[in-house]
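Please read the structure below before turning to the comments.
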Amino acid sequence: MTPSYTSYMGQLERFLQFQSIKPSLWLCHSDDSFMIQPRSEASLGIFLDDLPNCSPLNLTHNKSLQSLTFINIFYFICASSLNNLLLRKDLCHWSKGMQIRYNLSHLEQWVRDHRMQVTIPSRWTSQRENMMSKFSPVSTCPVLSYSSLLFLPVMSSLIVLLFLPVMSSLIVLLFLPVMSSLIVLLFLPVMSSLIVLLFLPVMSSLIVLLFLPVMSSLIVLLFLPVMSSLIVLLFLPVMSSLIVLLFLPVMSSLIVLLFLPVMSSLIVLLFLPVMSSLIVLLFLPVMSSLIVLLFLPVMSSLIVLLFLPVMSSLIVLLFLPVMSSLIVLLFLPVMSSLIVLLFLPVMSSLIVLLFLPVMSSLIVLLFLPVMSSLIVLLFLPVMSSLIVLLFLPVMSSLIVLLFLPVMSSLIVLLFLPVMSSLIVLLFLPVMSSLIVLLFLPVMSSLIVLLFLPVMSSLIVLLFLPVMSSLIVLLFLPVMSSLIVLLFLPVMSSLIVLLFLPVMSSLIVLLFLPVMSSLIVLLFLPVMSSLIVLLFLPVMSSLIVLLFLPVMSSLIVLLFLHVLSSLIVLLFLHVLSSLILLSSFYLSCPLILLSCFYMSCPLLYIDTRSTETNVLDTLQPIIQAAHLLQARKQTEDVQSVCDMCDKLSMFQIIKILNLYTPADDFEERVPVAFIRKIQTTLHERAESQEQNKTYGITVTPAQQLPSKV
């Protein structure tokens with residue numbers, strides 16, 4: 001499209017965004033745009049009819065329906081023809097060049113008659129691959145001749161009415177039943193027989209004769225030495241190193257950094273409040289209830305029923321006889337001896353040495369001698385005799401016969417009941433009240449306020465650091481030493497000397513025979529039964545019902561695709577051969593249209609072609625035909641080089657070397673002419689390389705989403 005003013009771009013973009021039928025590719029430039037419409041020609045016409053509504057500017061447009069496809073068809077024809085020409089010496093002469101040019105003129109005229117010589121803008125050549133990859137063929141047909149209208153329906157009818165039904169019938173009526181019958185009648189019985197008669201005996205024999213001896217030998221000769229060596233050479237050093245280098249530092253760090261703070265926090269924040277709450281809310285009420293409800297009744301009952309009878313019996317049976325015996329046998333002799341040996345001499349000495357001198361000062365010289373004589377000679381002996389003979393026996397008799405019974409009776413009848421009553425009625429309630437109201441609160445307060453904080457402080461400040469230090473400095477080194485020096489060697493020795501032989505013996509003598517028996521007697525029959533009864537029927541059903549139809553469809557589609565591709569390639573090769581070998585008039589449009597219709601669903605874009613016009617793709621073979629017809633003299637070197645600008649130097653030299661006269665009127669190409677052509681082409685290539693200028697063209701481009 002070429003607008004008369006470049007401001008139409010924004011309006012065109014907004015117009016395309018609101019269209020229901022959008023182009024699959026839109027490439028815009030400052031002065032024109034290129035679009036590919038993936039729908040039919042009718043939809044393209046609707047789009048072109050609505051296009052003037054997007055802008056008041058006058059827009060012009062050109063459309064090309066078949067050009068993109070025929071560019072590639074003609075490119076293939078040109079390449080195939082040129083390659084054949086370069087390989088066949090018998091085709092390189094003047095008359096063949098005339099024939100090739102004549103045949104190519106028919107193709108050019110056919111293209112012009114069908115208006116397919118539209119030129120694609122050259123600036124889009126670099127984006128050709130992206131453009132062609134998004135192109136989908138149109139459903140329209142160019143104007144056909146009578147022969148074309150006759151040939152195409154006949155070919156289509158033959159393919160649709162003959163080839164496809166025959167292939168489908170063969171697949172449905174022959175391939176599927178034969179394959180199903182082969183699977184059901186041959187594959188399943190053969191597979192079942194092979195499994196039962198071959199697989200099970202072979203597997204059982206392999207297990208018994210090969211698997212068990214090999215496994216036993218591997219365990220005895222390889223597993224035990226390797227495991228022992230690994231334990232001795234790897235496990236012990238690694239474990240020792242881990243314990244010394246990892247376990248001790250980690251445990252010490254955990255104890256110092258985690259255990260002590262956590263335990264201290266638990267004691268301060270949990271233990272103390274919980275213990276205080278338990279003492280206040282549980283211990284005191286429980287102890288008070290126990291004292292009131294249990295201690296007092298039990299103590300009262302014990303005093304009344306046990307203490308009083310026992311005490312009375314002890315007093316009557318033990319205390320009174322013992323006291324009487326002590327008074328008679330000990331007290332009276334001791335008192336008598338004390339009076340005679342101590343009291344009387346002491347009293348006499350006191351009277352003589354103290355009383356008499358004092359009295360003598362009061363009673364001058366008369367009373368003292370008389371009284372002293374009377375006292376010494378009469379009073380003292382009489383008193384001593386009375387005390388010894390009368391007072392002491394009487395007193396001992398009174399004590400024994402009167403005082404002791406009276407006292408025992410008073411104790412038994414009065415003191416003990418009174419004391420028990422006082423204890424039961426006064427002492428025990430008072431003591432329980434004191435315990436409940438004073439002792440328990442005081443003790444709980446002391447425990448809560450003094451004992452628990454002191455204990456927690458001792459635990460936090462003394463016990464935990466001491467324990468952690470002991471653990472870190474004593475327990476962990478000792479344990480690690482024990483583990484490294486005692487536990488690991490002992491364990492490794494037990495593993496090497498006891499565990500591994502026992503395990504290997506169990507594996508060899510018990511596990512392997514049991515497993516082999518289970519495999520032979522249970523696993524293999526079960527697996528064979530499952531394979532025969534389940535797997536094979538299921539697989540056969542899947543093959544018959546799913547795999548064979550799918551494969552048949554894929555084979556049909558693939559065969560049609562390959563057949564179409566082969567037909568296209570065959571037609572193109574035939575056309576290339578016809579261009580080189582003979583004249584044709586009627587076959588040219590027929591083959592071209594057949595290739596077009598068969599290649600549309602299999603469109604292959606050859607990115608090696610850089611031409612932007614349908615007829616431009618034929619220029620190499622056209623120039624080759626002109627080269628065969630041109631005069632080949634020294635003065636024609638420059639004109640030949642200018643004429644063959646689409647051919648490479650090697651292609652030109654190859655054609656000139658292959659040029660062979662077909663009759664006597666033609667001459668061979670002079671060697672000097674070929675050398676001058678080669679020199680001229682070399683010089684032109686070097687000058688073009690030296691004079692080449694490089695530039696960068698920045699082109700604004702925008703591409704609409706391909707989703708329609």
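Yeah, the Cβs are placed from backbone N, Cα and C, and that goes for glycine too.
Any TrEMBL annotation is an automated prediction that lacks curation.
The feature domain 'Dilute' is assigned by TrEMBL to 1-205, 516-683. Here TrEMBL flags 65-87, 143-164, 195-224, 255-284, 290-308, 315-344, 375-404, 410-428, 435-464, 530-548, 555-578, 584-605 (among others) as transmembrane segment.
For the domain 'Dilute' (516-683), the predicted model reports an average pLDDT of 76. Per-stretch counts of Cβ pairs under 8 Å to the transmembrane segment (315-344) identify 375-404 as the leading one among 195-224, 255-284, 290-308, 375-404, 410-428. Only residues 6 or more beyond the boundaries of the transmembrane segment (375-404), in the same chain, are considered here, and those with a CB under 8 A from a CB of the stretch are 320, 323-324, 327-328, 331-332, 335-336, 339-340, 344, 347-348, 351-352.
With pairs at least 6 apart in sequence, the transmembrane segment (195-224) and the transmembrane segment (435-464) have fewer than 3 Cβ pairs within the 8 Å limit; the two do not touch.
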